[in-house]
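These notes concern the structure reproduced below.
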């Protein structure tokens, strides 16, 4: 058998097409792990494909820090921005919407329609801002479980996510073992390293020290745009890799002209990053950035008990994928989770993909990743 | 012969003791590579040891971005802060002040007494600020050559430096081959990667977007402290390493209490970095930070001709040292310089030290580095 003569099992050519978001609203008070609560809860989400009569073909996709519920398809003729995982989700794609009913929600604490620090507190008629309770990955997952309840789904075929989405995925497998058929956690480990915390805190300081932050009480249409842009520029560097940036930008200059004004854009990489910073502030809320990065920093499967004790709850088979060039969540952190699962006799497997694009590798068109995921989902 | 029974060849126990800085002043106009000029020039410097009658025992030490002329000893009984390379420079130390006359000057463009953007422009009576000419590593080296002239020294026994100091060192070997007896360049390559430029530009954006920057025209006692602190926090992470931060800080919390207020210091690493940011602004000028980081980004021995053409001018023997955990200036960048020198038939050698402390490894107490430097200087 010659691999090169085989037709590919999967492709990324099918399209979800037009899709609209919906809002799940719970009017019950929601309790946070921290002890805080909010009187009601909205999660904005999208779905792709059709839920089977037996309600046994649902896949929950959990997004990363700067992601949202718009994971596949386009919103309409006018608004044709593809979902952030459009390569991965669609008819005939690795997460095949002709077979699976795919749900992707904006996280609790988010700023794209789900309840978060920028939402109006019904008790006061004003945004929560820093009155929003302390947020953890466990809270995000608990809120998603209410959304899954609303569909009458007892057990998900799979939970899948990368980065912060990977942490949610692991938390699902721990907190709701009976509701998770299998899980795929990409580009994430059991906890942040000191370096990852350091980058996040620097980003938070950029926001908090921007006078427009105003102690968190900025007007909804204003806010610490400069600080948030700087935080995003820095974070974006950590999502890429030295090798990836070198091949994409190297030392290419914006123009042949080296006599530009002081500190204006000179190198292509500066132009790219400044654009990333400036565009981020048009779609993201600074307080949400503070809350989500804190939730990431606090996520720690080694605590309060050891990693092995924490993972004892898991029953579903799991696939964990690390990326060789991911220096924000280095592969050994991904591998450590599977090593603990295997020590516990769990059904778990680890794959390490040699890709040059750093932490963001899981978001990229990558046939070797497609194949892994497709096979694991059909197992 | 048993190595462990040998007395160490070198130690770091001798002390320079009290030392005072001096100012070199040139009243001649100074021309920059960019074409700009300033009417006069001051370089603040310190010296340790004694210049021989033949004036053939002088070593120039070039400092890194956030360094200064205070490289060894203490300033007095009251001000006992040791120089930044006190381990390395002193009687009986690797750079032995009983043998060598050591000179260390604050760079042109600096903010510790040498002429820089914060200096008064004699033509206007006001600080240069952004009227200060575009600065390159070549300009720094040319200014230092005037200081060396002032001692009547024709030829330096050695030029030594790490990071930005390493770039100056290489530039000395290229621009003044007849004046350099040997050189040691630590933790630096032939040019910045895209990633290094990206971090620098993010730091510059943090400064420039701070409203207190005021287009560069802040009052000398004021300025963009918040932006500069954020820039420093981020840069400081890049000077360390994942492994080094993990062993030093890990996920240690500031106190056992996890119920601290939102976004206050929670982890030890946050406390450390915030302190680094806050203390930096008390000793460093924001415009100097902009100018020096730009000089680093523009430094490129591959331009305007190839690396081999640029290095053709070098005649002195050279030692280049890379550090395995330096991810800001990765070892392959250091190695590349020596590979080109060897291709050209030059006397050059490369050492790669396995140290876990990232880019800042060259600043640390490290017997294997002492030995290398001591031997190479005595060769």
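FYI, residue positions are counted from 1 along the chain as it appears here.
Using the three backbone atoms N, Cα and C, a Cβ is placed for every residue, glycine included.
As recorded in TrEMBL:
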- A:58-362: domain 'AB hydrolase-1' (DOMAIN)
- A:163: active site, nucleophile (ACT_SITE)
- A:232, A:360: substrate binding site (BINDING)
- A:326: active site (ACT_SITE)
- A:359: active site (ACT_SITE)
So which of these recorded positions, A:232, A:326, A:360, get their C-beta under 8 angstroms from chain B? none
Number of other Cβ atoms within 10 Å of the Cβ of residue A:360 (substrate binding site) across all protein chains: 22
Tell me, by DSSP, whether residue A:326 (active site) is helix, strand or coil? coil
Sorted by position, what residues of the same chain at least six away from residue A:163 (active site, nucleophile) have a C-beta under 8 A from it? A:64, A:65, A:186, A:187, A:188, A:329, A:359, A:362
For residue A:360 (substrate binding site) and residue A:326 (active site), what Cα-Cα distance in Å is obtained after rounding to a whole number? 8
May I ask you to report the DSSP-based helix, strand or coil state of residue A:163 (active site, nucleophile)? coil
Tell me the Cβ neighbour count for residue A:326 (active site), meaning other Cβ atoms within 10 Å of its Cβ, over all protein chains shown. 28
Distance from residue A:232 (substrate binding site) back to residue A:326 (active site), taken between C-alpha atoms, in Å: 18
What is the pLDDT of the domain 'AB hydrolase-1' (A:58-362) when averaged and given as a whole number? 96
Around the C-beta of residue A:232 (substrate binding site), how many further C-beta atoms are within 10 angstroms, looking at every protein chain? 24
How many neighbouring Cβ atoms, not counting its own, are there within 10 Å of the Cβ of residue A:359 (active site)? 25
